[in-house]
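Engineer: For reference, the structure I am asking about is given below.
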Amino acid sequence: MNGTEGPYFYVPMVNTSGIVRSPYEYPQYYLVNPAAYARLGAYMFLLILVGFPINFLTLYVTIEHKKLRTPLNYILLNLAVADLFMVFGGFTTTMYTSMHGYFVLGRLGCNIEGFFATLGGEIALWSLVVLAIERWVVVCKPISNFRFGENHAIMGLAFTWLMALACAAPPLVGWSRYIPEGMQCSCGIDYYTRAEGFNNESFVIYMFVCHFTVPLMVVFFCYGRLLCAVKEAAAAQQESETTQRAEREVTRMVIMMVVAFLVCWLPYASVAWWIFTHQGSEFGPVFMTIPAFFAKSSSIYNPMIYICLNKQFRHCMITTLCCGKNPFEEEEGASTASKTEASSVSSSSVSPA
């Protein structure tokens, strides 16, 4: 084995020299240069500095503007709440432990950090799935005379929390476990060992099938059907320039959604799966650290893509930031009037508001 396994930890270094120490008790500077921990802490501080304001602003603006408090926007609020879970439950903890060079908060802290980081990430992931399904149902109308209402939105929210807990809670009760990973200053699911009594193998397979592959397939299916629906609508009005513009906007939006989903989660999932299927193989601490912390940046991508590109929300946000007056209101109003013909396509396909 090209690593050192101990009680509730796995350090990716062979302990031939005897320098490997528990990541709960000693700095791990023998793994990487201490400057790397400083850079990691600075990166987490940047995510907090950007992620908290943009997600908090999302909640505040929605509460302040009644027209944003619609069933279709509930899932976007859920997305912001999930991102705040990651900011407070994961990012602050990781920044603090990075400053010390090891997981100074101990085993209990590892469970708490791993749980909240996983919970926030899974809520965000399943929120995107529910959003994709909602867009598909509203735009493509597979169910005739269906109207998306408040009860459907609440059921969607409950579903995201149920699925997130189904992934984040089992390691707390003995089905797998949370251990320090990468540079040993943040915690995640144990992909690394086959420790007796934890059934890591079955949990990792369950997680990859139910909490990655299935969501990815659903997102691709729903947005693929949405693109087809928009193209069909545009083909029926080929003489309309505004409709063609709406088609391009929706195409760009969907591509950004899918690419962001893959950019955030595919590297982490791929590396985790490789480690799981090649347990005992040699890999460095940075090998898992980079994709893990890149996935955390989804707390910034999510509100920017799914909310800030919403024209109605952007209008309300500018109004809030400018103390009740939108200096671009007249310009946006004229632009909106010129796009009346395409509103049925763009409002139902691009913007969830």
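The backbone N, Cα and C atoms fix where each Cβ goes, glycine too.
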Engineer: Say which of C167, C185, C187, C210 is recorded by Swiss-Prot as the disulfide partner for C110.
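Structural biologist: Between C110 and the options C167, C185, C187, C210, Swiss-Prot records the bond with C187.
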Engineer: Do V11 and Q279 sit on the same side of the membrane in Swiss-Prot?
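Structural biologist: In Swiss-Prot, V11 shares its side of the membrane with Q279.
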Engineer: Under DSSP, the topological domain 'Extracellular' (1-36) has how many residues in helix, strand and coil?
Structural biologist: 3 helix, 6 strand, 27 coil
Engineer: Measuring CA to CA, name the entry from the glycosylation sites N2, N15, N200 that ends up nearest C110 (disulfide bond).
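Structural biologist: With Cα distances computed to C110 (disulfide bond), the winner among N2, N15, N200 is N200.
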Engineer: With pairs 6 or more apart in sequence, are the transmembrane segment (111-133) and the transmembrane segment (287-308) linked by at least 3 Cβ pairs under 8 Å?
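Structural biologist: These two stretches do touch.
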Engineer: Could you give the Cα-Cα distance between N200 (N-linked glycosylation site) and C187 (disulfide bond), in whole Å?
Structural biologist: 15
